[in-house]
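Colleague: Handing you this structure, nothing more for now.
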Amino acid sequence: MATLDLDESSLGTKAGKMVSFLLPRSSMEKLRNIYPEYTKIDVKTPPLSDEERSDSSSLLDYDAEKGESSDSEDMTDMSARQGRDLEPARPKRTGAQQFVDLVWMGLNVFSTVIIVFLNKTVFSDPQLRQCQISVAIWHFAATTIVLYLSTCRPCHAFEAIRLPIRQVLPICIFFAGFLLLGNLSLALNDVDFYQLAKIMTTPTVVALNFVLFRRYISSSALAAVVASCAGVGLVSAKSFQTNLPGTLVATAAFTVTALYQVWIGKKIEDLKVSPPQLLLNQAPVSVALLLVIAPFVDTVPDLSTIPTNVLYALFMSGVVASLLNLSQFFIIGRTSPLTFNVVSQVKTILIIGLSWLSTGKQLTFVEILGVVFALGGAYAYAQVSRR
């Protein structure tokens, strides 16, 4: 019977000690298949001390029958206990990448504040107040135009691609849903309850990521999110009145809004497209959907009777809305829907703060505490996300 001897002369002393632990029986069988003339393989190694054998066994406890090590099971259990991060696994971000993230967040905050005051001017006109869906159509039409021009020379900011409509239709439906339900919630509830209900979008994003994708967030990030939501709640929660229909609509509104934001992040990841590429495909489809809805909801205004300054504000609101929509997609695509919601909490505090400043309101202790909680929670979340 032929024998293949693997001794110290061919393997070396250290290799000879480890071969019996690192070469499982299944691999020995493969070696017999390669060299069929050898029916027996003997591995000759010096005897190991008890300490060496204990150390080697702890490094790799291999079960040749199952073809896996017990350590892998431990790692699997550890992964299951810890869960996956809410944000998709990405390489550690460089300082330049973090700076770009901050630029998009700053643009989003700036655009939100500006568009609030522009929309306030637009909807001060009684006619335009009755055609909010049509205004939203203009905003997304302007977004489509700005993005399309960005793909042309000399800008050529990104390459335009065409996605199948079925791929972007769910996002468009969620967009139309949160827009309609948001307006209906504002109509059925007072402003305080409406603003307070919007805060629930953030924990809903966390819940949806867990239910749909089994994604967790760390306890530190969760504490920061809770603090931020609590702060905005303290600022917004004055005496408010609501009713059952209003509560149900408000609940549906922030749930659909959370689905819209989560689906944006998922589509960017699944389709492997950039945020502007996805938005360029979504915006025109959203316009088409809203064009079907608008005749049943809006009244046609007489533009000749609308003041010129209001028309200027309407035009500029479309330009700013394109920046707002684009920055939202970039924030979600580069970070996560949860990060976007934390940024939104800061925007809410900033808008309320500007309103206080313009009216000269004296802040109460609870309102000051709410501002500290909201901004402190947002800052803490930013620090946790950078780790």
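A Cβ is built for glycine as well, from the same backbone N, Cα and C atoms used for every other residue.
Whatever TrEMBL says is automated annotation, not expert-curated.
Note that the structure is a prediction, hence the values are computed from the model and not measured.
Below are the features I grabbed from TrEMBL:
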DOMAIN    103-381  domain 'Sugar phosphate transporter'
REGION    42-92  region 'Disordered'
TRANSMEM  99-117  transmembrane segment
TRANSMEM  137-156  transmembrane segment
TRANSMEM  168-187  transmembrane segment
TRANSMEM  220-240  transmembrane segment
TRANSMEM  246-266  transmembrane segment
TRANSMEM  278-297  transmembrane segment
TRANSMEM  309-326  transmembrane segment
TRANSMEM  363-382  transmembrane segment
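Are these features on the surface or tucked inside, and what touches them?
Modeller: Below 8 angstroms of C-beta separation, residues 276, 279-280, 283-284, 286-287, 290-291, 294, 314, 317-319, 321-323, 325-326 of the same chain, each at least six residues beyond the ends of the transmembrane segment (137-156), sit close to that stretch.
Within the chain, the transmembrane segment (246-266) has long-range Cβ neighbours (under 8 A, six or more residues past its boundaries) at 88, 170-171, 174-175, 177-178, 181-182, 184-185, 188-189, 193-194, 197-198, 200-201, 204-205, 208-209, 212-213, 278, 328-329, 332-333, 336-337, 340-341.
Counting residues 6+ beyond its ends, the transmembrane segment (278-297) has Cβ neighbours under 8 Å at 131-134, 136-137, 140-141, 143-144, 147-148, 151, 160-163, 165, 167-169, 171-173, 175-176, 179-180, 264, 267-268, 271, 325-326, 329, 333 in the same chain.
Outside the transmembrane segment (363-382), and at least 6 residues removed from its termini, the chain residues within Cβ reach (under 8 Å) are 220-221, 223-236, 339, 342-343, 345-346, 348-349, 353, 356.
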Colleague: Determine the mean pLDDT over the domain 'Sugar phosphate transporter' (103-381), rounding to the nearest whole number.
Modeller: 83
Colleague: Looking only at residues six or more beyond either end of the transmembrane segment (168-187), which have a C-beta under 8 A from one in the stretch?
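Modeller: Beyond its ends, the transmembrane segment (168-187) has Cβ neighbours at 132-133, 136, 194, 197, 246, 249-250, 252-253, 256-257, 259-260, 263-264, 267, 278, 281-282, 285-286, 289-290, 293, 297.
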